[in-house]
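Listed in Swiss-Prot for this protein:
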{"type": "SIGNAL", "residues": "1-15", "note": "signal peptide"}
{"type": "CARBOHYD", "residues": "Asn29", "note": "N-linked glycosylation site"}
{"type": "CARBOHYD", "residues": "Asn58", "note": "N-linked glycosylation site"}
{"type": "BINDING", "residues": "Arg161, Trp168, Asp169, Asn205, Arg214, Ser215, Gln216, Arg279, Pro280, Glu281, Gly313, Glu528", "note": "substrate binding site"}
{"type": "CARBOHYD", "residues": "Asn205", "note": "N-linked glycosylation site"}
{"type": "ACT_SITE", "residues": "Asp315", "note": "active site, proton donor/acceptor"}
{"type": "CARBOHYD", "residues": "Asn331", "note": "N-linked glycosylation site"}
{"type": "ACT_SITE", "residues": "Glu513", "note": "active site, proton donor/acceptor"}
{"type": "REGION", "residues": "560-579", "note": "region 'Disordered'"}
{"type": "COMPBIAS", "residues": "560-569", "note": "compositional bias 'Polar residues'"}
Amino acid sequence: MRLFLLLVGLTTVIADDLPPTCIRPVYCNSTLLHYVQMARLYPDSKTFVDFQMRKDENATLSAFQELLDRTNHNPTKEDLQEFVVDFFDETSELEEWKPDDHKENPPFLAKIRDQGFREFAKALNDIWPTLARRVKPSVLEKPEQSSLVPMTHGFIVPGGRFKEIYYWDAYWIIEGLLITDMTETAKGMIENLIELLYKFGHIPNGSRWYYQERSQPPLLAAMIKLYYEKTKDIEFIRKYISALEKELEYWLDTHLIAFNKDDRVYTLLRYYIPSAGPRPESYYEDYELAQKLDKNTDPNDIYADLKSAAESGWDFSTRWFISESGDNSGNLTNLNTKNVIPVDLNAIFAGALQITANFQAILKNPRRAAHWGYMAEQWRSSIEQALWDEEDGVWHDYDILNNKPRRYFYTSNLAPLWMNAVEKPFLAKHGARVLEYLHESQALEYPGGVPVSLVNSGEQWDFPNAWPPEVSIVVTAIQNIGSEESSKLAKELAQVWVRACKSGFTEKKQMFEKYDALNAGKYGGGGEYTVQDGFGWSNGVVLEFLDRYGAVLTSVDSVDASANNGQSNEESETDSKEK
């Protein structure tokens, strides 16, 4: 009944009804923002919108209007730079923070047999304090003068330009924190996200006001599951079960769409963010892109598709391109995110439904457990029927504009296996076929990890980039097939990845946001900004693999690699360098 009522309410948003990107004009919807960003005062559009105001919003906007009046609405770049210096403070709103639960030698290190990998894991554990931040008291006193949304607990930032908490990054960061026994820090990060959920009605892309209107893949339930599996903290589940249900309701209320396939109607989720104007943190880039469109095209159409792609986390990729011929060729002007039904979003949501059902059962709420369990079963069924491709032997995104599956390799194709959104009989029947698909694609044969796609478009979420979260998804998906062959393959891919990351870390002393599948350990390229180091989810994924497979992975290939853990530090490091 609920799904029927939701379907009745599905309508197309009229441009005049579009909400602004956020309710803070200075940072989201003002002539001030437009003038400053289009003047290109800073090479990265995110720089300006991360500045704090020295005065309140009204005083800042009034002063800018006076500048426009004085200059006949034609201020010079120097005028704008002077205004920004006078009215904005580029000092960070965050301060460094040392988590009390950080341990120099967490117990999991003892599970890692290979000495080179054990030392690598320890080095990654040592990075956590360098990425730990908390909101400054001055920001808490005047939160309205910053684009940062204050949060109660300290947290781990991804790194580089990403100086705030990010929704889907947090999943792999929290996983890494739990592996290294930083349970209180992980708990605080989850509670920060729940604070954002209650403040906005959903968890935004990140803890900035300019992310207000969009979310990211709904991984809150999966994060809480990780925390519960580590701590068995049933009171935490009891306290926040309503938050899980609130998030599920948000996605059902705002992202649901009905579509036809083979004369049947299916109801699944898509990414769709209809709000006015460019993304503030990429204002210049979005505005310039809109100028390339046909003059009869409403720029808010492309802005919505840009924001929707950003909500997916895959900003940007041919995955969201629909050309005039209906394929995934073209460029950003071909973005059509709203007309793609994503495999991974629906797999994650099916997983969230089932996790919530399981938690309600643990809490002895059988009616709520049955409600969410039934929806999870229906979601898995829709994924199987609408997104499984019998010919290819894998799941594909679905193009609702042209009513056809998008038969291209993307790592997201494996998300149902990752999120256990596959019924056991179906898995038993088709698991081997998925492995065949992967081998036929040749996507597993690169020295630097599994690339996110096989299309070299120049976009950062395409070939040759290998992204840590997607490598995690692929390896875990293959492991979850449950066969001897799949288990062996998962370990092999994990070893390739950890070796590649270790190679890059040895050379550069840094972990990167993304890597080059063609060159083991080299950072990836493309996109709207320069390479970012740190890096939260990259550290988390390596720790995940070493925690899961540390007893068997080796950092070098040699006849006596099995005895590597018995070598001295000096001998082990010499071997690693020689290789």
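Cβ coordinates are placed from backbone N, Cα and C, and glycine is handled just like the others.
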Cα within 10 Å of Asn205 (N-linked glycosylation site): which of the recorded positions Arg161, Arg214, Gln216, Pro280, Gly313, Glu513 qualify?
-> Arg214, Gln216, Gly313
Between the glycosylation sites Asn29, Asn205, Asn331, where is the Cβ count within 10 Å the lowest?
-> Asn331
Which number gives the other C-beta atoms within 10 angstroms of the C-beta of Arg161 (substrate binding site), all protein chains shown included?
-> 15
Pro280 (substrate binding site) as reference: those recorded positions from Asn29, Asn58, Asp315, Asn331, Glu513 with C-alpha within 10 Å of it = Asn29
Secondary structure of Pro280 (substrate binding site) (DSSP, helix/strand/coil) = helix
How many whole Å apart are the CA atoms of Glu513 (active site, proton donor/acceptor) and Asp169 (substrate binding site)?
-> 10
If you rank the recorded positions Asp169, Asp315, Glu513 by how many other Cβ atoms lie within 10 Å of their Cβ, the lowest count goes to Asp315
Length of the line joining the Cα atoms of Gly313 (substrate binding site) and Asn331 (N-linked glycosylation site), in Å = 18
Entry from the recorded positions list Asn58, Gln216 having the most other CB atoms no farther than 10 A | Gln216
Cβ neighbours of Gly313 (substrate binding site) where a neighbour is any other Cβ within 10 Å | 23
Have a look at the recorded positions Asp169, Arg214, Asp315 and say which one has the shortest Cα distance to Asn29 (N-linked glycosylation site).
-> Arg214
Rounded to a whole angstrom, what is the largest C-alpha distance between any two of the residues Arg161, Trp168, Asp169, Asn205, Arg214, Ser215, Gln216, Arg279, Pro280, Glu281, Gly313, Glu528 that the record assigns to substrate?
-> 20
Work through the recorded positions one by one (Asn58, Asp315, Asn331) and name whichever has its CA nearest to the CA of Gln216 (substrate binding site).
-> Asp315
Among the recorded positions listed as Arg161, Asp169, Arg214, Asp315, Asn331, the Cα nearest the Cα of Asn58 (N-linked glycosylation site) belongs to Arg214
Out of Arg214, Pro280, which of the binding-site residues has the smallest number of neighbouring Cβ atoms within 10 Å?
-> Arg214
